[in-house]
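Undergrad: What follows is a structure written as structure tokens; I'll ask about it next.
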Amino acid sequence: MDVTRLLLATLLVCLCFFTASSHLAPEEKSKDERSLRSNSSMNLLDFPSVSIVALNKKSKKISRKEAEKRSSKKKASMKKVAQPRPPRPAPCVANRDSCKPPALACCDPCAFCQCRFFRSACSCRVLNPTC
């Protein structure tokens, strides 16, 4: 009985080893060093050289100012026309008041009823201030 357990344990270890090795990525091996050298020299020549230039304080300030101008222009162009908010429902629940499902809707059109603890504690909350 001990021999069969030993045989089964060995078989299990071999299966684990082959399973793990079959999932590993295969390694790429070059056939000769000449192809490796030619590939590395070709790759270096393909890319342009990089030069590093130190910026002084004045150029940093100018670039920061230009960036602020560009961002303000983008914000001005991206602003949408203010859409009118939908009217409030007549009987409604104020923010941070209880709004369990049989209760009425929230007064703020940007608010919604958020429930916690398996819908035992519900309240109207505004999570998107830009609404």
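Even glycines carry a Cβ here, placed using N, Cα and C.
Not my notes, these are from Swiss-Prot:
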DISULFID  C92-C107  disulfide bond
DISULFID  C99-C113  disulfide bond
DISULFID  C106-C124  disulfide bond
DISULFID  C110-C131  disulfide bond
DISULFID  C115-C122  disulfide bond
DOMAIN    92-131  domain 'Agouti'
CARBOHYD  N39  N-linked glycosylation site
REGION    58-92  region 'Disordered'
SIGNAL    1-22  signal peptide
Undergrad: Go through the disulfide-bonded residues C106, C107, C110, C122 and tell me which ones have a CA within 10 A of the CA of C99 (disulfide bond).
TA: C106, C122
Undergrad: Find the shortest Cα-Cα separation between C122 (disulfide bond) and the disulfide-bonded residues C92, C106, C107, and name the residue that gives it.
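TA: Closest candidate to C122 (disulfide bond), judged by Cα separation, is C106.
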Undergrad: Of all the disulfide-bonded residues given, namely C106, C110, C113, C115, C124, which is spatially nearest to C92 (disulfide bond) at the Cα level?
TA: C106
Undergrad: Going by DSSP, is C124 (disulfide bond) sitting in a helix, a strand, or coil?
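TA: In the DSSP reduction, C124 (disulfide bond) maps to strand.
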Undergrad: Taking DSSP three-state, what's C99 (disulfide bond) in: helix, strand or coil?
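TA: Coil, per DSSP.
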